[in-house]
Each structure stands twice: as structure tokens, then as C-alpha cells.
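Heads up: the structure comes next, in C-alpha cells.
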Amino acid sequence: MPTPPHLVIAVDGPAASGKGTIARALARHYGLPHLDTGKLYRAVGLAVRLAGQDPNDSDAATAAALALDPELLDDPDLMSGDNAQHASIVSAHPPVRAALLAVQRAFAAQPGGAVLDGRDIGTVIAPDASAKLFVTALPEIRADRRHRELSAKGDFASLASVLADIEARDARDSGRSTAPLVRAAGAALLDTSELSIDAAVQRAIALVQAAISRDGQQQV
Ligand SMILES: Nc1ncnc2c1ncn2[C@@H]1O[C@H](COP(=O)(O)OP(=O)(O)O)[C@@H](O)[C@H]1O
Ligand SMILES: Nc1ccn([C@@H]2O[C@H](COP(=O)(O)OP(=O)(O)O)[C@@H](O)[C@H]2O)c(=O)n1
């Protein structure tokens, strides 16, 4: 099955499920640009923190999202555990999500297509994506992966606190009223709990190929 001329791949899932790893590998495989949309929300959370503001303050978070400084995307604190909680809190404000919508939609609409990963790509940002994946794994396995990742960067939070952070974020992201974390209609489920990175990527490519060929058949 040939690759369609405009291929948009939506990859969603909870924290540390492996969606970013898979999205980056899919982007390499199909020669597409990739956007980690979580970084946008992390940058808003960081801006609010650096300004000494409360992430629960919707007006402050929205102002930060509307004036987002791209340099924050390279800040060493962007990927920290503390900042992940801030990102999760600011991302629940509907005007923050609205402020970040256009840039994500434009990324998906670029010629040739794109791979985006996050929480609402298949539901809100690119509901007509050519292929949608919902990547998941058991919470304990996700916590172990994130714990190793943070430790390698010198962030020595305990495994128990990483698990608690992930569970708190999952609950907040799934329970919010706007764009909650949910498996999109038509999204293929990919549980990476027992898969190596290579096996998960191969499975993801197979699922994308299946979605593309299904679409092709529907168009006939
Ligand atoms: N299938 C896997 N097996 C083992 N480790 C994995 C797997 N997928 C991802 N990882 C590792 O787990 C961590 C979190 O993966 P990542 O792709 O960043 O997750 P997410 O984008 O969902 O938060 C990274 O250190 C990554 O290398
Ligand atoms: N499309 C997205 C992406 C992230 N987010 C929020 O941003 C936080 C950080 O996202 P992330 O993708 O960087 O987090 P990880 O899955 O990498 O741990 C999430 O917990 C969500 O609250 C969102 O609401 N919508």
C-alpha cells in the first residue's frame, strides 16, 4: 500500500506510555515532521512557575499561553517531574487549550502531513487523521520507565513519588471537561507494557499501515 500524499498520524496516551518514542520513530519511518504537543503545555506551566504565579489561575495561565516564549521549549526544567504537574494543571483550563489550538492544527496541516503526540490529537487537533494510535502501559511500568529516565538526568525522585505523580496526572488529564485524555474513535490500542521499544515501534508501523490501507479501501 503506497503512503498517502498527506499523512497525519495522531499518537495519544497517558504519561510515559511510550507515545513520544513511538511518534518520533513513526516520523523517521515516514519522513514526516513530529510535534510533541506536551512540550507546549509544559512551556506554559514553566512560564507560570517562573513568574511565580498559580497554575490554577486560569487568567495567568492563558496569558502565558498567548505569549509563549519558544525559548522555554529548550529550558532544562521543561521535562522535570514538578513541571509535568504544572503542565497538567494549566492544560485543564479551556482558554489555555484554545490558545494552543491553531499552532497544533497548522502543524498537522502542513504539506505532506505530520506526526503529533499528546492527549487530544485524535479527538480534537486532528480528528480526521489518517491513522490514530492510543498508546498505553500499566502504571507501574510507566512509572519505572519515567523513574529511570529522570534518574539518568540527575532527577532523583523516588519511584513511589514518580508513580504518584503519574497517577495524579492521569486522573486530572482524564477527568477534565475539555479535551480529556480518552481513546479517540477509530484509534488502535497499543499496550507497550510487555514490548521492547523496537517491538512497540514495529507494532505501531503495522497499525498505521493497516489504517492507511483501510482508508484506501474505503475510498474505492
Ligand atoms: N516499550 C518500551 N520499553 C521500555 N522503555 C520504553 C518503552 N517505550 C518507551 N520507553 C522509555 O520510557 C520513557 C518514557 O517514554 P516516552 O516515549 O517519553 O513516553 P511518553 O511520551 O508517553 O511520556 C523513555 O525513557 C523511553 O525511552
Ligand atoms: N495534547 C496534550 C499534551 C499534553 N497535555 C498536558 O501536558 C502534560 C504533559 O504532557 P507530556 O506529554 O509532556 O507528558 P508525558 O506523557 O511525556 O509525561 C500532560 O500531563 C497533560 O496534562 C495535554 O493536556 N494535551
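One-based numbering along the chain as shown.
Cβ coordinates come from backbone N, Cα and C, glycine included.
According to TrEMBL, the features are:
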- G13, P14, A15, A16, S17, G18, K19, G20, T21: ATP binding site (BINDING)
- 9-209: domain 'Cytidylate kinase' (DOMAIN)
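Taking G13, A15, S17, T21 as the candidate binding-site residues, the subset whose CB lies under 6 angstroms from any atom of ligand 2 consists of A15.
Within 8 Å of the centroid defined by the CB atoms of G13, P14, A15, A16, S17, G18, K19, G20, T21, the record's ATP site, lie the Cβ atoms of I22, D117, V135, T136, A137, R142, T192, excluding the listed residues themselves. Listed in sequence order, I197, A200, V201 are the same-chain residues at least 6 apart in sequence whose CB falls under 8 Å from the CB of T21 (ATP binding site).
Cβ neighbour count for G13 (ATP binding site): 28 (other Cβ atoms within 10 Å of its Cβ, all protein chains included). Taken as a whole, the domain 'Cytidylate kinase' (9-209) shows an average pLDDT of 97 in this prediction. Ranking the binding-site residues A15, S17, K19 by how many other Cβ atoms lie within 10 angstroms of each Cβ puts A15 at the bottom. S17 (ATP binding site) carries neither a helix nor a strand DSSP state and counts as coil.
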